[in-house]
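Here is what TrEMBL records for this protein:
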DOMAIN    6-121  domain 'LD-carboxypeptidase N-terminal'
ACT_SITE  SER103  active site, nucleophile
DOMAIN    165-278  domain 'LD-carboxypeptidase C-terminal'
ACT_SITE  GLU196  active site, charge relay system
ACT_SITE  HIS264  active site, charge relay system
Amino acid sequence: MKLNKIAIVACSNPITDSTNFEALKDILKDIGIDFISSKFILNNTDILNRDNSKMADEILEFFKDSSIDGIFDISGGDLANSILPYLNFEEIKKYPKPFFGYSDLTVLLNALYTKSDITTYNYQLLNLVKDKSKTQIKNFKATFNEENSSLFDFKYEFIKGNSLEGILVGGNIRCLLKLSGTPYMPDFKNKVLFLESFSGNPYKILTFLNQFRDMDILKNLKGILIGSFTEMDNNNYLPSVNQMILKITENHNIPIAVTKEIGHQPLSKCIKIGNYIKL
């Protein structure tokens, strides 16, 4: 995938500190990628009065603009689902292009796949200016300038079964569950479910996993891919995420793979939502 020009947006919480954003623009210039920025990136309007309709219109225009090769959302937090009712998914479907984001953008990544049949990308562009930025820039350039797969290659191991394959859906566990009961939640039948999280102790994570159990989706899955769970991993909490997922799936023959290379950590790789995966 060659990226000559991208759009940078912020559909979740507004960016309150422009320092990283300005540094990101400098890096993109050095890499040789042209960009256009959303009018709403530094939008500090009262959250009840932010214009989600205009934000959605701008997103649509970026999809329709043939000079733009991909759209990168650099926000995170809680508010990404505010824009969902205003997006014209049928119109977006006519102009497919890669959409990147992570964490709270899980709601958009899965909604765009579900409603517009677009492959989306779980990745935070601001990784280029955070810790380990040199490695991220190297992988980013190799993937999107030289068109190899550096940013998509990740190490994994199985804790149940020895192979899995299917269309991958999911992302941040808390944010994915915000789509419950909405038309934006993906169909889990014959899918591989990817889950990761930044925050959450065992009580919170088990609560989220119980909800997937109670939604009765486990029996339909082709596999589960566990990414990094930062708070759990950093504090060595017990029971571990692996233990909880093995427990919650004990009555189902679901292959389960684990990777520490996709999630919120500075060296996180990119993974495609709505795309076939085979491990």
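Each position is counted from 1, following the chain as shown.
Keep in mind that glycine also has a Cβ here, set from the backbone N, Cα and C atoms.
Just so you know, TrEMBL annotations never went through curation; they're auto-generated.
When Cβ atoms from all protein chains are considered, those within 10 Å of HIS264 (active site, charge relay system) total 20, not counting its own.
Taking H, G and I as helix, E and B as strand and the rest as coil, DSSP gives the domain 'LD-carboxypeptidase N-terminal' (6-121) the counts 55 helix, 17 strand, 44 coil. Secondary structure at HIS264 (active site, charge relay system), as computed by DSSP, is coil. DSSP states for the domain 'LD-carboxypeptidase C-terminal' (165-278), grouped as helix (H, G, I), strand (E, B) and coil, give 35 helix, 31 strand, 48 coil.
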